[in-house]
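A.B. asks: Heads up, here are the entries from Swiss-Prot:
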type: ACT_SITE; residues: CYS119; note: active site, cysteine persulfide intermediate
type: BINDING; residues: PHE256, ALA257, ARG258, GLU259, GLY260, ARG261; note: Mo-bis(molybdopterin guanine dinucleotide) binding site
Amino acid sequence: MNWITKFTVDFFCKLTKKQQIKNKTTTYEAKQENLATEVPVALVYNGISHTVMMCSPENLADFAMGFSLAEGIIDKPSDIYGIDVVPACQGIEVQIELATRCFVRLKAQRRTLAGRTGCGICGTEQLQQVHKNLPPLERTIQFDLNRLDACLIQLQQAQVLGQQTGSTHAAGFFDLAGNLLCLREDVGRHVALDKLLGWHAKQPAAKGFVLVTSRASYEMVQKTAACGIEMLIAISAATELAVNMAEQYQLTLVGFAREGRATIYTGKERLFF
């Protein structure tokens, strides 16, 4: 299914501005634009709605798996027995069949996260729930930072939704040779990462790192570490809390990934150049 919805600009009585120098006047022309679809997606565990988030409606099974792992709802992929994506009134339900042990724990957390766009603190009742006490990551990988420029090119070229709409974030998983293994896109940067982590959960032997097109927030660091991935690279900056958490989890965190440059915040032992 094509989840990109096309609207003619004339329908909305708007014009796409196009500058042309002609007799010192500005001309305008009607143009058709691609808009990224954004819909409410409810994650329903064992028949009970847990959260509603605004998402791009694709790769939703990956989203459910990645969100469940990163939020600590499940301990391993096999704790989910089944995932069904079902159209609902004005949105989509992702119905997740969860192991009883995990469902009992989920109900005890008493989280109400309706209306989120991917921010993990919204709806959390206790501040202790924000800062997860994760074990330090082992150091099992090394990456040649000289390969980063090629990774950035691959990431940009693979962003189909981003190229067509200009309004989505992307998260990519690269192996240690710098090859793009998977890319996920979404209107929300955290959701794009959740979708990627859901894919990664099905590839237990995959060694590599995550590259995202956004800043590195504390929650993105936490999600990455919770899924056992040792390195997160962001195109924009990291926040102070993200750096502090990366140090605690012994995760390699890199920001300002641009052509010919990068800022290493933590975990330089996994990098060489």
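Yeah, the Cβs are placed from backbone N, Cα and C, and that goes for glycine too.
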A.B. asks: Given the binding-site residues ARG258, ARG261, which one has the fewest other C-beta atoms within 10 angstroms of its C-beta?
C.D. replies: ARG261
A.B. asks: Around ALA257 (Mo-bis(molybdopterin guanine dinucleotide) binding site), how many other C-beta atoms are within 10 angstroms of its C-beta?
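C.D. replies: A 10 Å sphere around the Cβ of ALA257 (Mo-bis(molybdopterin guanine dinucleotide) binding site) contains 22 other Cβ atoms.
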A.B. asks: Given the recorded Mo-bis(molybdopterin guanine dinucleotide) site (PHE256, ALA257, ARG258, GLU259, GLY260, ARG261), which additional residues of the same chain have their Cβ within 8 Å of the Cβ centre, ordered by sequence?
C.D. replies: LEU148, ASP149, LEU152, ALA262
A.B. asks: Can you tell me how many other Cβ atoms are located within 10 Å of the Cβ belonging to GLU259 (Mo-bis(molybdopterin guanine dinucleotide) binding site)?
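C.D. replies: A count of 9.
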A.B. asks: Rank the binding-site residues PHE256, GLY260 by how many other Cβ atoms lie within 10 Å of each Cβ and give me the one with the fewest.
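C.D. replies: Relative to the other binding-site residues in PHE256, GLY260, GLY260 has the fewest Cβ atoms within 10 Å.
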A.B. asks: Three-state secondary structure of PHE256 (Mo-bis(molybdopterin guanine dinucleotide) binding site) from DSSP?
C.D. replies: strand
